[in-house]
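A.B. asks: Shown below is the structure under consideration.
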């Protein structure tokens, strides 16, 4: 593809924007030499490179390519024995470091997958020794440092000493002979320190004149007293220059030794910079990577011309190559037809050059071996002033070369001559290019071509929408609808008399009227269909959004439910284990007390309470903690059952509620949920089992305990034993007589009552019970 097509389609402007995205002159040179590839595999490789770089830009903000220079000329000069200057050496060191930094960056990336860029970076060779050698000799400002060699360090030390001695000598002149000087400063002429001496004191100072002012009133003189010192300084500076040259020559020889590696490295760095520039341009233009094919298929959603302001450009859907291979865009001038065909041509050049295109994701572009265009005067997209002859010269040249792998763009085909002849030529030229198998997009304002798409296979009409309300084009491409001139509507809007418009309508032919009416009907149908489509699309998007939201919520709910189930199972298992341990502890304690014949009623009550407290906790765990049993079996007093929560058998005492029963298990009575009880068998006669009381011997217990006159500790010990005896005797309540006194004994008794599990309530005595001198205890 030649430079002419680049200029016609304004691809040269894209190239300029691409070069501006390069980080180095290496990348800029490649950008300026860009050429569209013509083979599908090569184009796909270019697009894959760009996509990899675009992924890095999205994830990390860019690829580090700073400090890289085009050192090709410097390396070549070193190879033929040239001595590089300090800045050239510094550029080489910087480029080596830039390559190392890039290599490290890519190696550290865990994602995305970048086989192409990684393979390029893997070829970079780190010349760390050469980099260190250069940086140990030259500072960041391009100055050879004192430490570059011991000889240079010594020379510069002598230079500083000589300069100091010269300045001291001249400073004494500025103090002692200030009236003979034009200014009390020390300056330099011909690399020698001098003083500005007034013309009339030339003889008084004595020495060598090196220069004079423009007026001639001031002479720049080197006093005789510093001539020898200046000579020594000049000699030292000459030695310094020779030593610097020797150091730079040594570095240049090292560069020459690594010529092959350095040149290979900058080729790779330039290539990566070029790839990065393509991706960066895509990000700036909000582009996407098209899928490439060699079947002539172009499918683009919301395609935007890349050189029109992104806030003003109108995006269009473009389909070509599947159902039809030729689009004929009809309609008036200034409607945006030229922009449309330039967009198609420019996208083709961009895609085949490895650039992404400004359209929505999912686009598809075809690979053509040649792109031909006859567009206006080839100057801009705003106007077309070319003559018929200039058009025809281009068309003749195109028809000599076009084939089935060509994309051909005709703008205002047949324009610039008699309309009837021009329309005939346009149709004939289109027939010829279609016969050659080319993909064609043409624009015209001839009404004769409106019927062309209906009479040819694989040809479709199109137009660019015009708003008669605002009298301005909307630039929206309408595939399948030929363009209307809208002359009558525009004239009416602009105020032309209706009678004139009606007269004009009478003058046009019947066929033209039929075509215009047909187009108007098509446009109305198209607008209705488009409105329905937009409505349906909006509803679909809303439904998809709702679906995604519901799926997300369901996933969150499902995840939370699993976590709660797991947590509940763990808690239930823990509760079961804890209840089992408590039950074993209770049983062990009761067995011990039974063997010792010292089981007390309140201890039995405490044991029963502990088991009952454990039961509700287990009930909460339900199905996760214990096996379930059938609840449809009605239980009756005397039925033998298994309490699943404790794994113990017992009998039913009574039904407490629809879902709760009182069970007798050994010496304990326990309330339990129906779902935790498993029926075993039914007894014919219910035998009520009394609560067992194990005693050492029988004795009588009073309902009152008199503590008056007792010491505090002795009294509380008596209260503890008395309450145990009263519980064994089965008393519902007892009275403790402690008297009023200081109240200490009353407080002690009431504190004891608070702590005792068998005491349900306690109160001070009534008027007939002894008042505050008595505490009444009520048992469970």
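Glycine is treated like the rest: Cβ placed from N, Cα and C.
What TrEMBL says about a protein is an automatic prediction, not a curated fact.
Marked as ATP binding site by TrEMBL: 331, 332, 333, 334, 335, 336, 337, 338. Per TrEMBL, the feature coiled coil maps to 512-596. What TrEMBL records for 705-780 is domain 'Smr'.
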A.B. asks: Including all protein chains shown, what's the count of other C-beta atoms within 10 A of the C-beta of residue 331 (ATP binding site)?
C.D. replies: 26
A.B. asks: What is the pLDDT of the domain 'Smr' (705-780) when averaged and given as a whole number?
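C.D. replies: In the predicted model, the domain 'Smr' (705-780) has a mean pLDDT of 85.
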A.B. asks: Using DSSP and three states only, what is residue 336 (ATP binding site)?
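C.D. replies: Reduced to three states, the DSSP call for residue 336 (ATP binding site) is coil.
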A.B. asks: Near residue 337 (ATP binding site), which residues of its chain come within a Cβ-Cβ distance under 8 Å, counting only those 6 or more away in sequence?
C.D. replies: 329, 331, 411, 443, 464
A.B. asks: For the domain 'Smr' (705-780), what does DSSP give as the number of helix, strand and coil residues?
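C.D. replies: Helix (H, G, I), strand (E, B), coil: 33 helix, 19 strand, 24 coil.
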A.B. asks: As a test of the contact definition, list every same-chain residue at least 6 positions from residue 336 (ATP binding site) whose Cβ is closer than 8 Å to its Cβ.
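C.D. replies: Within the chain, residue 336 (ATP binding site) has Cβ neighbours under 8 Å at 314, 464, 473, 475.
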